[in-house]
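Taken verbatim from Swiss-Prot:
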type: BINDING; residues: N139, K176, G177, G178, K179, A180, D188, G213, K238; note: ATP binding site
type: BINDING; residues: E142; note: Mg(2+) binding site
Amino acid sequence: MALKKVLTIAGSDTSAGAGMQADLKTFQELDTYGMVALTAIVTMDKDTWSHDVTPLPMDVFEKQLETALSIGPDAIKTGMLGTEEIIKRAGEVYEASNAQYFVVDPVMVCKGEDEVLNPGNTEAMIKYLLPKATVVTPNLFEAGQLSGLGKLNSIEDMKKAATIIFDKGAQHVIIKGGKALDQDKSYDLYYDGQTFYQLTTDMFQQSYNHGAGCTFAAATTAYLANGKSPKEAVISAKAFVASAIKNGWKMNDFVGPVDHGAYNRIEHIDVEVTEV
């Protein structure tokens, strides 16, 4: 049986823990054929690990899209898009394709950075991406920005944010709580427009988790492409990334990536699913 084809529209992380590198590794681990349309190149200062984001010229981006669409992706994922123009174009690309699924990872900051890359991007995501999204996968900060609620401190806050984001057009919302809500458990919240589900795993080490968000969204995309329902896809993605985080490793004094192959090579992590 031919592999399902999945396209990521994302930036390149030169350290290869996040970005399109994380996406392609995850797609391969989950038996899909990964393709990429690159939006930007992210490099790091060797002494401070501060990030430098270099956008690619729009004509180069368009040529990549032309190639990818000629192949015909079954599912499309977005990551770091960088500019309002590219955000708008990503939504148009999904509509122009025959892809069944559109997963939006609303990347707003680089790991370790505190400021939104481009504040205008948030409104562009709300306008051009959320109404088309099969699943949107914000972390707590991103969910606070997309919903307009700001800082989210509890499951109840996450439920309010998920409802607002759903009402903006996303078909399914999964908010990643991670380590922010509890030191012993990792909580995510999934909402399908009718029911809220809390997805829980044990909390594993958090020192080496670079690329966790990209990996989660990429896994969701691959699972959707291979036939899982959105609910099944996000639960499976939670298990996949939990294994990756648990087995994360130290790259240098500044960062350590998740192990994208841990789910298949080392262990599966159980996910507790409860209505809340």
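Quick reminder: no glycine exception, Cβ is built from N, Cα and C everywhere.
Structural mapping of features recorded in Swiss-Prot.
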{"residue": "N139", "record": "ATP binding site", "Cβ neighbours (10 Å)": "22"}
{"residue": "E142", "record": "Mg(2+) binding site", "Cβ neighbours (10 Å)": "25"}
{"residue": "G177", "record": "ATP binding site", "Cβ neighbours (10 Å)": "23"}
{"residue": "K179", "record": "ATP binding site", "Cβ neighbours (10 Å)": "16"}
{"residue": "D188", "record": "ATP binding site", "Cβ neighbours (10 Å)": "25"}
{"residue": "K238", "record": "ATP binding site", "Cβ neighbours (10 Å)": "25"}
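Comment: ATP site residues N139, K176, G177, G178, K179, A180, D188, G213, K238; largest CA to CA distance 16 Å, whole number. Annotated ATP site N139, K176, G177, G178, K179, A180, D188, G213, K238; additional same-chain residues within 8 Å of its Cβ mean position, judged by their own Cβ, are L140, I175, S186, Y187, A212. On the backbone, the CA of K179 (ATP binding site) and the CA of the residue listed as 'Mg(2+) binding site' stand 15 Å apart.
Secondary structure at E142 (Mg(2+) binding site), taken from DSSP and collapsed to helix, strand or coil, is helix. Distance from the CA of E142 (Mg(2+) binding site) to the CA of G177 (ATP binding site) is 11 Å. Under DSSP, D188 (ATP binding site) is assigned to a strand (E or B) in the three-state scheme. D188 (ATP binding site) sits 13 Å from the residue listed as 'Mg(2+) binding site', taking the CA atoms of both as reference points.
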